[in-house]
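One structure is given here, and the rest of the page talks about it.
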Amino acid sequence: MARAAFIVCLLMACAWSSHAVMFKLSPNTQKCLKEDIQANQLVMGEFEVSDVPGQIIDYIARDTKGHILSQKEHITKGKFSFMSEVYDTYEICFISKVPAHQRGVIQEVSLLTKKGVETKSYEGIGEASKLKPLEVDLKRLEDLSDSIVRDFVLMRKREEEMRDTNEKTNSRVLFFSIFSMCCLLGLATWQVLYLRRYFKAKKLIE
């Protein structure tokens, strides 16, 4: 019973988890944050940057192919959201721009991101469906469990793909090694026969 309660509490904590970071951005530089995200997941975020007169910070969210999913210029504070179409590594970049005639100042950037189950408003769902608080918690846990199962399935799939790739690579390396040894043996045999004919022609051996 205690173990079950611990698992429920752990799932509840995960359900409310989010990713918050704060970093410093030097003048005329950019910093990107990357994360692997499953397909068809909603990603939401909030950002805030310290205001420095004359300095500009832009942000852009994109995938590995360079497709822009969200973008905004001259940011100070705001929100963004985008939907991941495929499983990929997505990045959010903050870009500092300072005029040449101005001495740049380091700015602070804070970012809070949520994805998947974390983006759902279960209070709103509970009110719309007239659910009791316990039923809302159970709904949250159900969605979180489904999300965890999907993560494990994806990890298993990637593990199988990596194992297949390793097996194919090992087979190719073995084939190449055998081919190289055969080539070396063939070359050595040819050299022995050539030298034997050469020495016979010079009458150095019979």
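Each residue's number is its place along the chain shown, starting with 1.
Heads up, the Cβ atoms here are built off N, Cα and C, so glycines get one too.
Summarising the annotation, Swiss-Prot assigns domain 'GOLD' to 30-140 and lists sequence analysis as the type of evidence.
Residues or ranges marked as signal peptide by Swiss-Prot: 1-20.
The feature topological domain 'Lumenal' is assigned by Swiss-Prot to 21-172, with sequence analysis given as support.
If you average pLDDT over the topological domain 'Cytoplasmic' (194-206) in this model, you get 78. Marked as topological domain 'Cytoplasmic' by Swiss-Prot on the basis of sequence analysis: 194-206.
The annotation transmembrane segment is assigned in Swiss-Prot to 173-193 on the grounds of sequence analysis.
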Next item on the list: For the domain 'GOLD' (30-140), give the DSSP counts of helix residues, strand residues and coil residues.
Entry: 20 helix, 56 strand, 35 coil
